Structures are given as structure tokens and as C-alpha cells.
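Below is one structure, written out as C-alpha cells; the observations come after it.
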Amino acid sequence: MRVAFAGTPEFAATVLRGLLGSGHEVGLVISQPDAPRGRGRRTASPPVALLAREAGLPLLQPASISEAAGEISRHDALVVAAYGQILRPDTLYAARHGAYNVHASLLPAYRGAAPVERAIMDGERETGVTVIRMDEGLDTGPVALQRRVPIPPDMTGGELADLLARVGAEALVEVLDRLESGTLNLTRQDSSRASYAPRITRQDQEIDWSRDARRVHDQVRALSPHIGARTRHPEVEGPLKIWRTRVHREAGRELAPGELRAGDGRLFVGCESGVVEILELQLPGGRRLGAAEFLRGHSLTGALRR
């Protein structure tokens, strides 16, 4: 089949790589425009655009994907993975077989923009990938294929996204194979079972140390390595970012929620139930440091707070 591909971040680039290794032809790639990125705010291309140029594929980066509807109509299907815009009907139905989306959850669970982070933050032990034929709703289209993936207890959001992208690429190729052969079956979603995964906000980043240690750990790993969970200390101007933690299971005295204890190059924080060990953190304007390196140059006493 000849397909058009729309996607933007690294998740989508991984899906595109898998598609390029299949027997299907990618006739067009659509990605978001170049934009200022990183701490230096230098203009840079998104990962999908970089991959398209590297592979010599036709590339469009319109302000609105609707501008590409005419080009999309020359393809058998439009494939979407984390593109970053809601598609209007003129784009959804432009290709001969419509549009198919690779979504990083087991729909109808976790519809929306942040399914990977939300699943980990909720302590889910399993997630997956769903390929749907897109309709005009938010991740509401009929299911073409699902693949289940376990979530290990210490896996980060970045690690899970990478895994789901690889699984999603394989699932997408299988869907296109079935679509081409006329054997693809679609199943309606049960919207009564739907849950939602809105974009991560600043409030979602703030650590509440009065929660259970496992929930705090899940929040930190969900937001690592790109977003970061945040906390504050009276002696530090601005938020501290916490990048890696583990639930501390060794015997020791209980710590009050937010209370700090440092020793032997290790840093512990009390929670409502249990203790979290901070493994990697970052001061405002600084670089990420392991706990031992951080403690060699800094001293934190007292308590952390929201």
C-alpha cells in the first residue's frame, strides 16, 4: 500500500522506522513545523522530519495538516502517530481507506495526549498499543488491532514510550497488511469503559509527599526522563526536579512526610506511608546529579514541600 505518514516526536519516528522496513510505500511524511527547542531555544526539526530527510522522503511541515489534504488524497491510507493536531474531516477521509492512528494505550482506556505517563502515575501494571481507524472523536474510532504490554514496577515513562513505539510499529504493519488483503476487521469501542489522559500540567509535576511512597515513585518514573517531577525546599530558590527514585525497603526509623535524611551518599524522603530514596535530582539551572555526587557539593536538611 502507498501511505502518507503524519507524526512528530521520537515515538512517531520509531513507528515510521518500522513502517519503512515493511513492504508498504511511504509516499509522504507530514510533521509539525520546526520550532525553538531545548534550553538554548534554538530552532530545530522534530524527530520525524529529521528521519524523513535522512530517508529521502517527501516532507511537508504545514501549520495545519488540512493544508496537506490534497497530497494525502493521492494515497491509500493516512497513518498517524503522535502528530499533535486534531484532524478535521477533510483530512481524516482524504485517503482512499481513511486514517489509522497508533495510540499508546489499550483503548478505550487513557484516551488523550498523555496515555503513557498517566498509566504509570496510576500504578497500572499493564498497558499496550491500539491501532484504530480514526473518526471525528478523540481516540474513539473502531479498533483494528491491540497489543498488550506489561509495565515493570521501575520502568520510566521514556522507556515505556520507546517500547510501545516498537510494538506499535509492528501492529501498524500488520493492520496495513490486513487492509491491503481485505481481511481487516474493526471492533467498536465500548465508550462506557473510557478513561482519559489529559496533557501533563505543572500541577501534575508537583510531588505531594503526604501520599504513599509507591505513588510518589510512580509519579517520578512516569515523568522521567523528559518532564520531571518537582518539589521545593526552603533553602533553594525555585523547584528541584526529581528524576529517579526507588521505594526504600530497608529497616530504619520512620520519616515524616517530606522529611529528609542523608547519609553515606544516599538521600531519603519520608512519605505518608513508607520512604522514597532519591537517586537523581537537579537544582534550578543545574545539571542532573546522582544523589552521592549531589551530596558532595550540597546539603539539604529539614523537609521538602510542594
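Each Cβ is built from the backbone N, Cα and C atoms, and glycine gets one as well.
Here the structure is a predicted model, which means the values were calculated and not measured.
Pulled from Swiss-Prot:
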BINDING   Ser105, Leu106, Leu107, Pro108  (6S)-5,6,7,8-tetrahydrofolate binding site
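Positions of the features from Swiss-Prot, shown on the structure.
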{"residue": "Ser105", "record": "(6S)-5,6,7,8-tetrahydrofolate binding site", "Cβ within 10 Å": "24"}
{"residue": "Leu106", "record": "(6S)-5,6,7,8-tetrahydrofolate binding site", "Cβ within 10 Å": "20"}
{"residue": "Leu107", "record": "(6S)-5,6,7,8-tetrahydrofolate binding site", "Cβ within 10 Å": "27"}
{"residue": "Pro108", "record": "(6S)-5,6,7,8-tetrahydrofolate binding site", "Cβ within 10 Å": "20"}
### Message
I want the residues beyond Ser105, Leu106, Leu107, Pro108 whose C-beta is within 8 angstroms of the mean position of the (6S)-5,6,7,8-tetrahydrofolate site's C-beta atoms, in chain order.
### Response
His103, Ala109, Tyr110, Arg111, Pro115, Gly128, Thr130, Asp139, Gln146, Gln189, Ala194
#### Entry: Reduced DSSP assignment, Leu106 ((6S)-5,6,7,8-tetrahydrofolate binding site)
coil
